[in-house]
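Before any comments, here is the structure.
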Amino acid sequence: MILTGKEILKRLGSDIKIEPYDEKLLNPNSYNLRLHEDLLVYSEFPLDMKKPNPVRTLKIPEEGLLLEPGNLYLGRTIEFTETHNLVPMLEGRSSIGRLGMFVHITAGFGDVGFKGFWTLEIQVTHPLRVYSGVQICQIFYHTVEGEISEYKSGKYQANQGIQPSLLYKDFEKK
């Protein structure tokens, strides 16, 4: 089951934390999250799954930043979220999709217990100017059946910013 907006509001401060929170961003069954001003782009190619890949930071200026097709831009939400006893999920807003923007490639799913900023894997189908602070995606929450084991560790838990791929750490464990 997906929580309603009223239930999201009721669980704020207990099962759900959203900081900063603005009631104007609450929807009937989700909450809109906004795009931070920083983006990361990979700076050396080809990328290698077994190694850290260098990135450079782009700042979205007040007049916006033109994103180009064929590039991957890693962004993040302004909001820091923390979720307990629920599964958080992220989806792009339809207004964003109708401009040809994808906000995640495969990482729209969070684990019970995840806390952090959401890293966005942004791609565009044609040149598109983006702006910091735009309501870019929405978070919604599923209830869970069965005994819950919270996500306590991991490569991306309690992150403090945009997270490039840390897949190389999986190879180090072998």
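Glycine too: its Cβ is placed from the backbone N, Cα and C atoms.
Over in Swiss-Prot, the protein carries these features:
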type	residues	note
BINDING	ARG93, SER94, SER95, ILE96, GLY97, ARG98, ASP111, THR119, LEU120, GLU121, GLN138, TYR151	dCTP binding site
SITE	GLY108, PHE109	site 'Important for bifunctional activity'
ACT_SITE	GLU121	active site, proton donor/acceptor
Length of the line joining the Cα atoms of GLY108 (site 'Important for bifunctional activity') and LEU120 (dCTP binding site), in Å: 9
Length of the line joining the Cα atoms of SER95 (dCTP binding site) and GLU121 (active site, proton donor/acceptor), in Å: 17
Cβ-based isolation winner (fewest other Cβ atoms within 10 Å) among the recorded positions GLY97, GLY108: GLY97
Assigned conformation of LEU120 (dCTP binding site) - DSSP reduced to three states: strand
Neighbouring C-beta atoms (10 Å sphere around the C-beta of PHE109 (site 'Important for bifunctional activity')): 12
Which listed residue (SER95, GLN138) has most other Cβ within 10 Å, given these are binding-site residues: GLN138
Intrachain C-beta neighbours of GLU121 (active site, proton donor/acceptor), sequence separation six or more, cut-off 8 angstroms: LEU72, LEU74, PHE102, VAL103, HIS104, ILE105, THR106, ALA107
Count of other CB atoms lying within 10 Å of the CB belonging to ASP111 (dCTP binding site): 15
Cβ contacts of LEU120 (dCTP binding site) (under 8 Å, same chain, 6 or more positions away): LEU35, LEU74, GLY75, ARG76, THR77, VAL103, HIS104, ILE136, CYS137
Neighbour count (Cβ, 10 Å) for ARG93 (dCTP binding site): 19
